[in-house]
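Undergrad: One structure, pasted below without further comment.
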């Protein structure tokens with residue numbers, strides 16, 4: 001069974017729509033703002049822009065202002081921004097209507113839809129908000145699958161939330177008790193005028209607003225009224241608000257609270273240190289504390305049946321047996337709870353057992369996992385009670401003989417109700433970053449909103465959902481294998497370019513093409529999200545070499561077309577490769593990392609061609625066949641490939657369009673490489689069946705080979 005117990009700390013906030021100068025409550029205003037963030041289309045939870053706000057105690061009114069501004073109007077359609085608001089933990093959302101993992105419980109948050117023009121804003125007001133952390137998340141509609149290249153102009157939306165509050169700074173505080181019932185009465189109402197005495201139009205509210213719960217409200221039409229709560233919450237402030245609707249009048253009244261203490265845990269007033277020592281001696285428990293593994297014992301009263309001597313004096317008056325619980329911080333968003341007296345927890349049918357699991361705010365970004373296993377078959381569970389107070393309803397979990405095991409997962413659990421009583425079961429409670437580590441079709445990623453950490457699953461191969469368990473759009477193994485083969489084998493199109501470069505004595509260029517073909521092949525073999533994956537080295541290294549080789553291939557090809565002297569060409573080869581490597585390290589996916597070298601190389605090529613054309617007074621290259629059969633087809637292949645790469649790629653057609661990009665880029669190299677220079681000869685056979693090299697490059701005015709007949713370079 002489950003039951004939440006909260007200690008009542010009762011305070012009263014007295015307010016009116018219009019207060020006199022000498023009113024009993026003084027309000028102050030506070031304003032907090034978050035920086036503007038760029039919104040993204042929703043594909044997974046990492047696309048949600050999450051902000052955390054803190055609402056202090058005694059806040060009477062909270063008002064959010066949400067502003068959305070277009071960063072630019074490039075390719076902007078009409079979109080709606082969805083805003084989610086949640087108290088206590090980040091909002092659990094499901095914009096795409098996917099299936100949640102089994103045994104996962106969640107409640108939808110409050111959501112607002114904001115249509116966006118050039119600049120739009122909306123407000124959300126909340127009276128008597130619950131104190132603590134409030135979370136606001138925003139995102140654009142579902143992602144359409146289009147792959148946008150970084151640095152290319154695109155439509156952008158900037159989201160900025162602001163929070164203003166009115167807080168009562170002199171709220172009177174009443175008694176603090178463990179109450180099983182609470183009654184608050186308002187009487188002796190007077191507005192100062194005899195005509196209105198007996199009808200002050202008061203409203204009495206008990207509790208705070210947290211979107212999942214509302215205050216208990218009573219209209220006081222006569223001279224007084226009262227509101228009663230059975231089983232009021234413990235360990236939290238209970239807000240009592242009295243409001244008056246009379247304008248420009250001072251209203252006086254009396255307020256009285258009556259409470260009944262029906263159940264007081266024996267953990268209050270006991271010597272905790274002594275109980276811990278007794279418990280350790282009975283269970284041989286070792287309390288270890290280290291920098292990486294913190295162990296804490298909380299809320300100790302009496303151990304279970306293996307320490308019967310300690311239980312004897314408590315049986316007469318105890319209404320709840322509290323078992324000490326240890327919690328261990330294993331890692332970021334990873335925590336494990338263990339009953340201190342062993343894994344088995346059992347009680348009689350006269351007293352429930354209370355296990356307190358302290359769930360702090362920093363743990364709300366993960367997933368709370370609860371597993372109950374019934375370890376006996378002789379108990380009658382018909383008297384189990386739900387986890388519920390007068391203002392808050394928890395989640396019920398039941399086990400019985402026919403179904404002795406129950407599992408519950410709570411994504412982004414709230415930190416306000418962390419106590420549970422479990423009867424005759426083996427409880428296993430722990431915090432994990434994601435639901436079952438997102439399974440085999442997803443990856444659990446740690447996200448951060450300033451100092452707040454939370455986690456979410458990013459799915460692959462068409463799987464979706466909160467835990468990547470929705471396979472309605474999953475890709476088959478055949479499709480995954482086809483995609484891998486297309487993206488890898490399409491790089492073989494660089495073989496013709498390499499052969500042509502070697503045949504025309506462009507050995508340096510050929511080595512760059514081979515480098516690009518090799519790393520592009522194995523990068524795409526490692527980049528696949530499914531099961532058809534092969535990585536020969538670190539993924540990041542493969543990606544870096546692929547990007548570097550692709551841009552260097554374009555760089556050396558255009559410089560080769562420029563027909564400049566070898567000493568300048570190879571100097572530019574090396575200088576360009578170093579600068580490209582530096583830019584890849586800074587931002588390898590930036591658009592200007594590709595356009596920068598291409599534009600510089602084209603400007604140099606055009607300059608040399610124009611210089612030759614002016615000097616010779618003839619168009620360069622002079623042959624029309626060169627233009628029609630090589631240059632124009634090569635330029636068309638390059639232009640079509642760039643357009644596919646920038647504008648046409650989506651997540652669905654990526655395998656085909658990117659493979660075509662490989663083929664087009666390699667084909668344009670075959671067309672654009674210039675013919676062999678007249679003063680260069682390829683390696684060949686001379687008389688005597690020895691290798692000869694008849695290439696005579698000039699280096700600093702000196703000829704390497706002065707006489708082909710007398711000096712031969714032998715290759716072994």
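Glycine is no exception: its Cβ is also placed from the backbone N, Cα and C atoms.
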Undergrad: Out of 521-540, 541-560, let me know the one TrEMBL marks transmembrane segment.
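TA: Transmembrane segment, as annotated by TrEMBL, spans 541-560.
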Undergrad: Restricting to the domain 'EGF-like' (457-468), report the mean pLDDT as a whole number.
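TA: Value for the domain 'EGF-like' (457-468), mean pLDDT as a whole number: 90.
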Undergrad: Six or more residues beyond either end and a Cβ under 8 Å away: which residues meet both conditions relative to the transmembrane segment (626-648)?
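TA: Residues 149, 152, 657-658, 660-661, 664-665, 667-672 contact the transmembrane segment (626-648) from elsewhere in the chain.
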Undergrad: For the transmembrane segment (567-586), give me same-chain residues lying six or more residues beyond its boundaries with a C-beta closer than 8 angstroms to one of its C-beta atoms, as numbers and ranges.
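TA: That would be 508, 544, 547-548, 551-552, 555-556, 559-560, 592-593, 596-597, 600-601, 604, 699-700.
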Undergrad: Reported in the order helix, strand, coil, what are the DSSP residue counts of the domain 'EGF-like' (457-468)?
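TA: Split by secondary structure, the domain 'EGF-like' (457-468) comes out as 0 helix, 4 strand, 8 coil.
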Undergrad: Short question: which residues 6 or more past the ends of the transmembrane segment (592-614) have a Cβ under 8 Å from it?
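TA: Result: 151, 547, 551, 554-555, 558-559, 561-564, 572, 576, 579-580, 583-584, 620-621.
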